[in-house]
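Read the structure below first, then the notes.
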Amino acid sequence: MKQLSILGSTGSIGVSTLEIVAAHPDRFRVSALTAGKNLELLARQIRQFSPRIAAVAAKEDVPRLAQLCDGLEVKIVGGVEGLIEAATADETDMVVAAIVGAAGLVPTAAAIRAGKDIALANKETLVTAGHLFMEMVSSHGVKLYPVDSEHSAIFQSLEGHRSDDISKIILTASGGPFLNTSLEQLAGVTVGDALNHPNWSMGRKITIDSATMMNKGLEVIEARWLFDAPMEKIHINIHPQSIIHSMVEYIDGCVIAQLGMPDMKAPIAYALSYPERVATGIKPLDLTTLTGLTFFKPDLEKFRCLGLAYRAMADGESMPAVMNAANEIAVDAFLEGRIAFLQIARVIEETMDSHIPHDLKSIAEVLQADQWGRDTARDICRRLSN
C-alpha cells in the first residue's frame, strides 16, 4: 500500500490522481491533500479519501475549511508551513507535486529533504531551480518520476538504454488551438479561444501556456534537468494528433516512441505505480483508425514564447526563474483581460531584457529572483493595460 501526499489536489492533475487512487484502493491511500482556493472541492475530497492532514495555501482559509469538514477526523493546516507539513507527513511514501507555478517550490523541496519519492507534475520546479533540485534528489536518495506526458514518454523510451547512446530527445507538441492561426489573427484572439485546446483537458494556466507554446519551452528546460541532456540534443516536433507523446533517437538510427490516447491519467498512473502498471480506464489506441500522423518544426516567429524559453536556458543562472515568473504574471493578466494574447510574449521579453542573470545557490535565492520577475512583469502589465 503506497501512501500519497497530493499537493494541488483540486487542480486538473490532482483530480485525475484521485480518480486513479479511487480505482485502486488496494494499492494507494491518501495521507495528505492540499489546495489553493477551491475549499468546497477539497472538503469533498477529504470526505471521500480520509487524509490525516489537509492544507490550504492561505492561513485565513483554515476556519472555513474546518467548518466544511466538521465532524471529520482530519488535521487542517494552512500557509507555507501547512503545505510543508502535508508534504513531509511521516506516513507518506510519495508526494504528487501538482501545485501550479513557483508556489510548489518550497513544499517539493521539503518533501525531497524528508526522503519522499516525487511524482513531479510541477514543471516550474525544474525550470526555476533544476540544478538545486536534481542535486537534492541525488543527495537524499529519492526517486523522481515525471508526470508530464512528454517526459513520461521519454522516461519510458529511455528504459534499459545507456545515456551515451542517445542521439536526440524529441518532444512532441500539439501546436495548441492556434496552430493554423496566422500571426495577424492572433492579435485578436480571446481568452475563450485560447482555452479551447483541441486535444488535452488541462488547467487554465497550462492551457494558455500551450496556446503560446511556452509550455513546450518549459518542457525543454525540464527535460534538460530530468535527463541530464544538453540543450542541443533536445528537439521539438509539432505533432497535431497528440498520439506519439515523445521519442528518443539513438546513435544507431533507431527511434523509440511512446504512443497512446491523449489522457493525463496514463503518465500519472505510471509515476504512481512504477515499475508496474495499473489499469486507467483510458480508451485503447486503435492504430487501424488513424488516418495519419504528421510532424513539422514549430514556427518561432509566431510562437515567440518558445524562443524566449530557449534564450532563458542559454542565458542560464537566474534567467529561467525570471522568465517563468514573468510568464505566470502575463498569463494571469491575459486571463483577466488586462493584456492581449500577443502581449504575453512582450511582457516576458521586456522582463528578461531588464534582468542581469546571476548564480542561484539556494531555494531562497530562487524565490528572490522569482519575486523580482513578478514585480517587474506586473509593472510592465500595468503600463500595457493603461
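Including glycine, each Cβ sits where the backbone N, Cα and C put it.
Neighbours of Asn38 (NADPH binding site), defined as other CB atoms within 10 A of its CB across all chains, total 16. Annotation comment: Swiss-Prot describes Thr10, Gly11, Ser12, Ile13, Gly36, Lys37, Asn38, Asn122, Glu124, Gly203 as NADPH binding site, evidence class sequence analysis.
Taking a C-beta cut-off of under 8 angstroms and a sequence separation of 6 or more, Glu219 (1-deoxy-D-xylulose 5-phosphate binding site) has the following same-chain neighbours: Lys123, Asp148, Glu150, His151, Leu171. For the recorded site, Glu219 (1-deoxy-D-xylulose 5-phosphate binding site), the DSSP three-state label reads helix. Look at Swiss-Prot and you will find Lys123, Ser149, Glu150, Ser174, His197, Ser210, Asn215, Lys216, Glu219 tagged as 1-deoxy-D-xylulose 5-phosphate binding site.
As annotated by Swiss-Prot, Mn(2+) binding site applies to Asp148, Glu150, Glu219.
For Glu150 (1-deoxy-D-xylulose 5-phosphate binding site), the number of other Cβ atoms no farther than 10 Å from its own Cβ, over all displayed protein chains, is 27. Excluding the listed site residues Asp148, Glu150, Glu219, the same chain places Lys123, Pro146, Ser149, His151, Ser152, Ile154, Leu171, Asn215, Lys216, Glu222, Ala223, Ser246 with Cβ atoms within 8 Å of the centre of the Mn(2+) site Cβ atoms. The Cβ of His197 (1-deoxy-D-xylulose 5-phosphate binding site) has 18 other Cβ atoms within 10 Å, all protein chains considered. Rounded to the nearest whole angstrom, the C-alpha distance between Ser12 (NADPH binding site) and His197 (1-deoxy-D-xylulose 5-phosphate binding site) is 14. Residue pair Asn215 (1-deoxy-D-xylulose 5-phosphate binding site) / Glu124 (NADPH binding site) shows a Cα separation of 10 Å.
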